[in-house]
Amino acid sequence: MSSGEPAAVSIPIHDHHGKAPATSSAVPAAAAAAPAAAPAVAPRKVGIPFFRRGDHHRGSRCLAFLDFILRIAAFGPALAAAISTGTSDETLSVFTEFYQFRARFDDFPAFLFFLVANAIVAGYLVLSLPFSAVLVIRPQTIGLRLLLLVCDMIMAAMLTAAASAAAAIVDLAHNGNLRANWVAICMQFHGFCQRTSGSVVASFLTVVILMFLVILAACSIRKR
């Protein structure tokens, strides 16, 4: 080949009809003419603004809020049990010249312990509400949560002992004990037995809520 002849250009043919493949020279122009895509908009978060702050603390904050609600719920039965026991005194209309038949809660040491324990637990639940509110705001405070856990366990143990002792006396008042020749007194003192029985039920309900509080605190500390 001489230097004056134009160089031959080879075009590859891949199909069976002898046609050259189409060139893609118009593709960049079409891409340039296409409008720019709009920037992606992040989805707006929906929910309570207080619980949206600090997503990494959301679970602990929800547990702390549930702890606060349960403390309010436990305060009612504990206070009701203390008031019902303290006002359970009953005096029969039948009496003699020298003796008057009556039933008083302070005649039974178990009921006296029961009343004091429920009053202490009710007062503790009220005093613990500000600390529980602090944990809702600052869920990362482990020391305060550990303090409430220990106090909740102490209150639950004390109230369980008091409610169990009172339940034994209530059962004795309803059924008596034939072997010991102790007669049931609920046949005569209806109001006394109704109030003390309701107090025991309310107190055990408080114990159940306190156990839930202990479990919640343990789960929160374990997450940390």
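Glycine too: its Cβ is placed from the backbone N, Cα and C atoms.
According to Swiss-Prot, the region 'Disordered' annotation covers 1-22.
According to Swiss-Prot, the feature topological domain 'Cytoplasmic' maps to 1-62 (among others), an assignment based on sequence analysis.
Taken from Swiss-Prot, the feature topological domain 'Extracellular' applies to 84-110 (among others), supported by sequence analysis.
Taken from Swiss-Prot, the feature topological domain 'Cytoplasmic' covers 132-145 (among others). Confidence annotation: the topological domain 'Cytoplasmic' (132-145) carries a mean pLDDT of 87 in the model.
Secondary structure counts, DSSP: the topological domain 'Extracellular' (167-200) has 20 helix, 2 strand, 12 coil. The topological domain 'Extracellular' annotation in Swiss-Prot covers 167-200 (among others).
Marked as transmembrane segment by Swiss-Prot: 63-83 (among others). Listed by sequence, the residues of this chain that lie at least six past the ends of the transmembrane segment (63-83) yet keep a Cβ under 8 A from its Cβ atoms are 114-115, 118-119, 121-122, 125-126, 128-129, 132-133, 135-136, 139, 148, 159, 198-200, 202-203, 205-206, 209-210, 212-213, 216-217, 219-220.
Taken from Swiss-Prot, the feature transmembrane segment covers 111-131 (among others), and the record attributes it to sequence analysis. Residues 68, 71-72, 74-75, 78-79, 81-82, 85-86, 88, 105, 144, 147-148, 151, 155, 158-159, 161-163, 165-166, 169, 196, 199-200, 203, 206, 210 of the same chain lie 6 or more positions beyond the ends of the transmembrane segment (111-131) yet place their CB under 8 Å from a CB of it.
Feature annotation from Swiss-Prot assigns transmembrane segment to 146-166 (among others); the stated evidence is sequence analysis. A Cβ distance under 8 Å defines the sequence-distant neighbours of the transmembrane segment (146-166), meaning residues of its chain 6+ beyond its ends; these are 67, 78, 85, 110-111, 113-114, 116-118, 120-121, 124, 128, 131-132, 135, 196, 199-200, 203-204, 206-207, 210-211, 213-214, 217-218, 221.
Positions annotated as transmembrane segment by Swiss-Prot, on the basis of sequence analysis: 201-221 (among others). Away from its own ends, the transmembrane segment (201-221) comes close to residues 60, 63-64, 66-67, 70-71, 73-74, 77-78, 80-81, 84, 114, 117-118, 121, 139, 142, 145-146, 148-149, 152-153, 155-156, 159-160, 162-163, 166-167 of its chain (Cβ-Cβ under 8 Å, at least six residues beyond either end).
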Outside the topological domain 'Extracellular' (167-200), six or more residues from its ends: residues with CB under 8 Å to it: 80-82, 84-85, 87-90, 92, 101, 103, 105, 108, 110-111, 114, 118
